[in-house]
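Taking it in order: structure first as structure tokens, then the write-up.
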Amino acid sequence: MSFTSDRSRWPDVYLAAGARAFAMGGEFLAATTLALVLQQSGHGGLAVSGLLVAATLPLALFAPIGGRIADRADSRTVLVVTGLVQSLIGFALAFAHHPVAIIALTALLASGLAVTGPTLAALLPGMVRADDLAKASGLNQTAGVLGALVAPALAGILVGRTGPQVPLLLNAVSYLALVAAGLLIKTRRHPEAGPEAKQTDFRVRDDRVLTVMIVAMAATVAGVNGMNVVDVFFIRDTLHASTTMYGLVTATWAAGMLIGSVVFGRIPRARITVPAMLLVLAGSCAPLLAGALAGTVWTLFPLWFLGGAFNAAVNVFVMVIVAGRVPVAAHGRAFAAVTSSVQAAGLVGLVLAGPLVEQFDPRYLVAGTGGLGLLAALIAVPVVRRRVRSEPPRTPAARQLATIRG
């Protein structure tokens, strides 16, 4: 089901966006709450680090499995069953106290996201006409950013006033939004029916253009995720800014993503190409490189806003490109391949950043993270352009009839 509707089903898009907002909000609500719980309980950085790894590693490891489930099972069944299971795990997490139990349950929740993520992503192209996919993707990204923005602040307030159990129970309830979405969304994927069900020789890695794009994205994400560790030292120690200013600078990137999702969601589909995506990927890294030259924290505000806007553009472009290049029945696996690569690269960035901060000036590390992503994107542009020129035209019929080797 890819661009098969005569008209766009916007109510389905809004339901999917709402489910994403609640799911992302619940995820960040739990992550912030649990980090505070571990810190207040006297557990050190190792426990907090284990929590972050538990929330990330399953997405990198199990996203390919989640993609297969998304392509081979009824989307309504996947969302309802997985949402219910995640909600039950969330309730158990609200009553867990030992760090090992907390980390294990967090990993189980992340494993569920490895299934629901590709399922929702694969549904979106079937909800709208091809020309509306960028707008629908922008709405979806905006909802996710809103959830991620509101949840940490809410967690801090609730933990301070009521303790950790209330925000963790809210996290458990948030997964019921996936159940509601599964029941209410009219667009469904039925892999067992139609020509998409046949299994043939398509694999995501057979598309060299997509492969180059994903590798460039992974290199960029490794650097940007490393910035999550480096920026606190750069802003606080190198630029001598207050904790309030640090929080505001961090929020500026998210604000840029909010605006970028709306603006780039209006880009005509014909302009959304892999070379264009690589250029906006470079645009998300250039502000980091420029930020390394900053003499005052105020310089970072416009740069981080610009970086966040281009970050949102990358997300919108990837949705449109993957949906347009990959056969219908492979959408789940294709989006899972992107998720797996990006999460794995992000985890590498987090792991490497800690020791590097101990050895190098944060200013050099900021320049290095921005420069790595910028270089990867710019190197990939001519490679992709040559590949695109040599490709035969892709028709919707060809995409529909192509199927997958498992």
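Cβ coordinates are placed from backbone N, Cα and C, and glycine is handled just like the others.
TrEMBL does not curate its annotations; it predicts them automatically.
Feature annotations, courtesy of TrEMBL:
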DOMAIN    1-385  domain 'Major facilitator superfamily (MFS) profile'
TRANSMEM  12-38  transmembrane segment
TRANSMEM  44-65  transmembrane segment
TRANSMEM  77-96  transmembrane segment
TRANSMEM  102-126  transmembrane segment
TRANSMEM  138-160  transmembrane segment
TRANSMEM  166-185  transmembrane segment
TRANSMEM  206-224  transmembrane segment
TRANSMEM  244-264  transmembrane segment
TRANSMEM  276-298  transmembrane segment
TRANSMEM  304-323  transmembrane segment
TRANSMEM  335-357  transmembrane segment
TRANSMEM  363-384  transmembrane segment
Between the transmembrane segment (244-264) and the transmembrane segment (166-185), do 3 or more CB pairs sit under 8 angstroms, pairs being 6 or more residues apart?
no
Cβ-Cβ under 8 Å with the transmembrane segment (77-96): same-chain residues at least 6 beyond its ends:
19, 26, 30, 34, 69-70, 102, 105-106, 108-109, 112-113, 115-116, 119-120, 164-165, 168-169, 171-179, 181-183, 185
Where among 44-65, 244-264, 276-298 do we find the most Cβ pairs under 8 Å to the transmembrane segment (304-323)?
244-264
